[in-house]
Amino acid sequence: MEGIMNKLRHLDAYPKVNEDFYSRTLSGGFITLVSSVFMLLLFFSEIRLYLHPVVETKLVVDTSRGETLRINFDVTFPAIACSILSLDAIDISGEQHLDVKHDIVKKRLDANGNVIEVRPDGVGSRKMEKPLQRQGGRLEHNETYCGSCYGAESIDGECCNSCEEVRDAYRKIGWAMSDLDLIEQCKREGFFQKIKDEEGEGCNIYGSLEVKKVAGNFHFAPGKSFDQSNIHVHDLQAFRKDRFNLSHTINRLAFGDYFPGVVNPLDGVQWMQKQPIGMYQYFIKVVPTMYTDENGHTIQTNQFSVTEHFKGAERGLLDNLSGVFFIYDLSPIKVTFAEGHVSFLHFLTNVCAIVGGVFAVSGIIDSCIYHGQKAMKKKMEIGKFN
């Protein structure tokens, strides 16, 4: 038994030195103090990393199909009235959403940016409550009003009971409205008076769009939009002007839901128009993103990068293209973020590495200083004897 104990004693990798042979120095005490503080700082840093979740990032090919893309926006136009501004969305599959009003809210702003009125629709036109006559003659007893569409009826007997409905009927068949003074509904509703009353106002438009997950664009532009010979144009004749100040501030623009750490590069961006005509374009690359938190809850959303370009136009040309365009495309690569915690064994390994590493390095530094001082002291003693 004693032989086994002796063999085990010979395996001791930590031989002990008698305290009588210890030599303690001032430099060694200073190095011990500094290394202990440094070791504690690293230890608490490691504890913080262990207690808080870490995010792992991966890049994978996006294999999703048939999904939709939600676009959340909040844009302020300080020099264009809400009654003039419209929103359209078009994608490469040919799907068009013209003069979008669903899930859209407009705020009329005065010259100082104060809110005058909030309304959920685009123009806020009033419908005629008590019309005097219908298309083709006077109303008979209990007969409802049916206003003329002025040749733009898509089906026989279609009624246009407001100025907005007449303008929509013209837009659907690709006609521009040359003179709204000839439209009975617009005269009764005071369309031009309303535009005149809103002159000098601004507009804050916010809401969301739900579009196909394919490349496309959405844009804010003055006037009603329609297709003319397969060309997307905006009718500005109804407003009796062809110059609009499209200076704007993007308060918020996001392609999907928020997730921790997301950065939307267009939030807070301002642009001031210096040329009378042109289109301001934002070219956006949308990157599909999936974020999974530590509880397993998954958020399917998107990030994006952007470049900007202003396309000017000569006087009399490209008037119908004036607007602010957001042209987006989708990346085939998907970014995944996954929250997780460091395992206890990993934490323990790092703590051991911190303690051992700091102890070894401080020992090397102390040894260098000790032997250096000893060598200098020996040389000084030799010099005295000489």
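Just so it is clear, glycine is given a Cβ too, placed from its N, Cα and C backbone atoms.
Remember, predicted model here, so these are calculated numbers, not experimental data.
Residues or ranges marked as domain 'Endoplasmic reticulum vesicle transporter N-terminal' in TrEMBL: 8-97. Assigned with DSSP, the residues of the domain 'Endoplasmic reticulum vesicle transporter N-terminal' (8-97) fall into helix, strand and coil as follows: 32 helix, 27 strand, 31 coil.
Counting residues 6+ beyond its ends, the transmembrane segment (21-44) has Cβ neighbours under 8 Å at 351, 354-355, 358-359, 361-362, 365-366, 369-370, 373 in the same chain. Positions annotated as transmembrane segment by TrEMBL: 21-44 (among others).
For 149-366, the entry in TrEMBL reads domain 'Endoplasmic reticulum vesicle transporter C-terminal'.
Remote same-chain partners of the transmembrane segment (344-370), defined as residues 6 or more beyond its termini with a Cβ less than 8 Å from a stretch Cβ, comprise 25, 27-28, 31-32, 34-35, 38-39, 42-43, 46-47, 50. Positions annotated as transmembrane segment by TrEMBL: 344-370 (among others).
When pLDDT values are averaged over the domain 'Endoplasmic reticulum vesicle transporter N-terminal' (8-97), the model yields 85.
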